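The structure under discussion appears below in the form of structure tokens.
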């Protein structure tokens with residue numbers, strides 16, 4: 001019996017072959033049905049009945065991620081040093097609105113992550129957000145969602161490369177040119193991302209979580225036992241702990257974008273589902289991930305905000321003082337590498353599946369398989385290295401990318417997913433009160449997602465303009481020490 005193929009996903013679009021099932025139990029063999037190019041309905045039917053990866057005894061095990069491995073991979077995508085960016089949220093908005101927004105967005109993001117899992121169960125052939133876009137909006141949706149996902153993962157990997165170079169600069173007292181540290185980080189990430197399955201790289205998630213959390217806790221405890229914030233000026237000082245902050249519109253929008261970015265890991269959850277041994281365990285895995293991440297975000301942000309206030313450093317681990325900063329960064333290095341390794345793997349796997357899907361080269365270790373995989377890993381890590389080093393306003397640019405795609409994939413797209421999967425109930429008129437409320441919720445998620453996308457984009461553009469006006473834009477391929485601790489606070493010395 002000829003094996004089912006799906007050719008509408010490669011970069012060179014061909015006419016797909018879709019199978020219809022004849023047996024009563026829904027099993028194959030099916031009868032091949034030729035479809036016209038771009039026949040979204042038939043290709044959607046294919047993805048309802050065919051997993052991305054098959055369980056195979058030959059080649060790599062693309063279905064080897066167990067439940068705990070999934071929890072670790074999801075959690076490592078979600079948390080990183082970005083957890084410390086939430087301190088800025090509390091400083092900008094104040095404790096009350098800041099905590100309300102963190103918990104509210106956490107709830108929305110968690111619900112959206114559950115919707116992603118249900119959509120994947122309905123469409124087991126979905127691998128990334130690009131496939132979701134194709135099902136919902138055809139080729140245009142596939143290109144927008146797919147390359148948006150790819151760009152987000154690449155920028156996250158590039159950010160991880162820079163974060164690792166900051167750590168190496170810190171522990172070595174700027175022992176050499178920063179470019180050398182960036183190259184070292186990029187090579188380590190390329191090697192780490194080169195294994196072909198999540199089962200093989202899941203141990204990076206374990207190492208990442210087990211190294212990053214102690215580093216954060218060490219810095220937090222050190223700050224907590226100090227008499228005063230290490231970065232506070234001599235003499236009287238005011239941490240400016242406020243229940244309600246006083247900020248501009250752009251500052252407030254920037255704070256909301258920071259929260260969304262802290263939960264933007266959900267964009268990469270679909271590839272993990274496609275490699276789970278039992279995808280039905282995803283819901284409990286993602287709930288565990290989100291509960292742990294939110295508890296960590298809230299506890300760390302509150303403690304550091306209380307003890308540092310406006311004297312929080314950037315990068316935030318520098319708030320612990322010179323010696324503890326070195327210790328914390330030294331412990332955090334494996335965790336700093338683990339994140340970009342997973343992000344680089346995700347962006348590579350996106351291109352890999354799209355190019356080889358529907359061919360035997362996807363899972364069989366042929367020459368084409370290896371050449372494609374290793375070539376993509378190398379090319380993508382080089383791309384991440386270049387954008388991290390060449391773009392002089394990288395921090396502001398990743399804020400812009402995060403503003404657009406974190407709101408899209410965390411809020412907007414899950415709303416679209418729910419509406420798509422429940423459209424038949426609306427057409428048939430069989431809508432209970434519960435479904436009506438869920439329908440309203442999905443519509444509100446779409447409205448909120450679009451609104452935050454537009455407003456976040458505006459705030460990010462304004463931040464880029466301000467950075468140019470203030471002369472804080474760096475230069476490409478600079479050897480300067482990027483670990484220099486910076487703080488931003490008012491000169492109010494009232495106590």
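Here the Cβ of each residue, glycine as well, is placed from N, Cα and C on the backbone.
Quick look at what TrEMBL annotates:
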- 65-454: domain 'Amino acid transporter transmembrane' (DOMAIN)
- 99-119: transmembrane segment (TRANSMEM)
- 148-168: transmembrane segment (TRANSMEM)
- 174-191: transmembrane segment (TRANSMEM)
- 203-225: transmembrane segment (TRANSMEM)
- 252-273: transmembrane segment (TRANSMEM)
- 285-307: transmembrane segment (TRANSMEM)
- 327-346: transmembrane segment (TRANSMEM)
- 367-391: transmembrane segment (TRANSMEM)
- 397-418: transmembrane segment (TRANSMEM)
- 438-459: transmembrane segment (TRANSMEM)
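Under the criterion of 3 or more C-beta pairs below 8 Å, with sequence separation of 6 or more, the transmembrane segment (397-418) and the transmembrane segment (99-119) qualify as touching.
Taking every recorded stretch in 99-119, 148-168, 174-191, 285-307, 327-346 and counting its Cβ pairs under 8 Å to the transmembrane segment (203-225), the highest total belongs to 327-346. If you look at the transmembrane segment (367-391), the same-chain residues 6 or more away from its ends with a CB under 8 A from one of its CBs are 59, 154-155, 157-159, 161-162, 179, 182-183, 186, 189-190, 193-194, 196, 340, 344, 347-348, 351-352, 355-356, 361, 397, 476-477. By the Cβ criterion (distance under 8 Å, sequence gap of 6 or more), the transmembrane segment (148-168) is counted as touching the transmembrane segment (327-346), at least 3 such pairs being found.
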